[in-house]
Amino acid sequence: MRLHAFTLLSLLGLVPSFAAASLSGSVGPLTSASAKAAKKTCNVLDYGAKADKKTDLGPPLAAAFAACKSGGLVYIPAGDYAMSTWVKLANGKAWALQIDGVIYRTGTDGGNMIMIEHTSDFELYSSTSSGAMQGLGYEFHASNNWSGPRLLRLWDVSDFSVHDLILVDSPSFHFSIDTCSNGEVYNMAIRGGNHGGLDGVDVWSTNIWIHDLEVTNKDECVTVKSPAKNILVENIYCNLSGGCAMGSLGADTDISDITYKNIYTWNSNQMMMIKSNGGSGTVSNVVFENFIGHGNAYSLDIDSFWSSMSAVSGDGVTLNNITIKNWKGTEANGAQRGPIKIICPDKVPCYNILIEDFAMWTETGSKQWYSCQSAYGSGFCLKSGSHHTSYAVTTTTVSSAPSGYSAAKMASDLSTDFGSTKSIPIPTIPTSFYPGATPYSALMSKQSTKAAKARAVDMSVETPAAASRSEQVVQGAPQETGQSAPESAGPVPSGNPGPVPTGGSRPSRHRHGHHHFGSAI
């Protein structure tokens, strides 16, 4: 009998069984970045790039990609780079992009600064965990212009990972994952302006694992759009953000098998929202588990008549088999915006909605409410029964706090936002994203430091000749013999690539960091 890897791990108690409904197979690149670098390394400095914050990085990056697109590593060393023309890096296979420098937007065109498309076996990362794209969006926003370029977009990319990267102050969206498959996104910090339309991560794809991210903005934190299937989102820190969501949903919505787990939301618009206004299609098999919130306007907000979007033709999007489990914390004002709002279409009521172990309380006043409309299931204001007919809004008001609502806070909760008219500083990637949860993978910078210390111990007992050879390897480029790129404690001298990743550390790791979920073993 063949067993599925994820099923076996669930039986062993290593991962929660509900997650098996989220990921359908392996995620991540098929070959390691070290193998790619050993095949060929294309340093943008060799193609005309200069770390002078003036010379346009666009053409050198495109040229380096052209040389390595069939297998290799494109390397942007540490330093400050200007980018005034955007790049579309298409039809690559078995390649990686290592960004150890900071890319500053200097152009004003729309579109996407970096677009990766029609690509397989791909990895985008910073070996120092400090590589960044600085969009300088405030230069647009100060004049009320919200239609500038997006920072990063992946389209039709399979078997990939993006990690240890920082995205800052996009003029528009920060990171879009469009019609991709088998991907892993982790260990990132995204910091945007305090305004709508500056989304953190938007994903409409299949079999994607997004984990260990911090997002600061005032729109989407990590949001699933349609169509999407088999998405697992966990260990997310929405730190003064818009909050996580699904939508906006319109005609022919097709979303299923989605799990959000370990989501911490601070001083944001909502902890989780499903938003639509008319439309058609379905959202099914969804789990929202282990949510902690403090100071948010809304907590659970399912709104099928969301007034911030124009009405779409159709009876509404059908929601079914939605589980909301283990929510704790406080909302800003429960009398104004209660912690449970489930407003479903009258013509296609929601059904099989389960709310359990839900304890939230107001930070202002001594009352809060729960509100439901045309919604069926179990818990709070939901109606029971198998005959799903429409019903008007029902609201229950309570004046005593539920037991067990107290929840931990994060030490890095921001006290103020970054506005939208001044330069936003580049943050560091945190090492904690949810209270008590350890990230699945250490930052590349931490792995580098550990490796450097190990080398120091090794060299202390080597002969002088051996130590000399070790030093040459550390400072040299990947060898033509297929040797992996060396690990280091930071940027490697002479513009050579630093350490290359081997993927995260979730149980059942497949070859070359390609995480294995659900496939037969």
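Residue 1 is the first one shown; counting continues down the chain.
A Cβ is built for glycine as well, from the same backbone N, Cα and C atoms used for every other residue.
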Disulfide partner of CYS238 per Swiss-Prot: which of CYS180, CYS221?
CYS221
Quick one: Swiss-Prot says CYS344 makes a disulfide with which of CYS350, CYS372?
CYS350
Which candidate, CYS244, CYS372, does Swiss-Prot give as the disulfide partner of CYS381?
CYS372
Restricting to the same chain and to sequence separations of six or more, state which residues have a Cβ under 8 Å from that of ASN145 (N-linked glycosylation site).
PRO171
Would you identify the secondary structure of CYS68 (disulfide bond) according to DSSP, in three states?
helix
For HIS294 (active site), identify the closest of the recorded positions CYS238, ASN321, CYS344, CYS350, judging by Cα separation.
CYS238
Given CYS344 (disulfide bond) and CYS372 (disulfide bond), what distance in Å do their CA atoms have, once rounded to a whole number?
8
Based on Cα coordinates, which of the following disulfide-bonded residues are within 10 Å of ASN321 (N-linked glycosylation site): CYS42, CYS238, CYS350?
CYS350
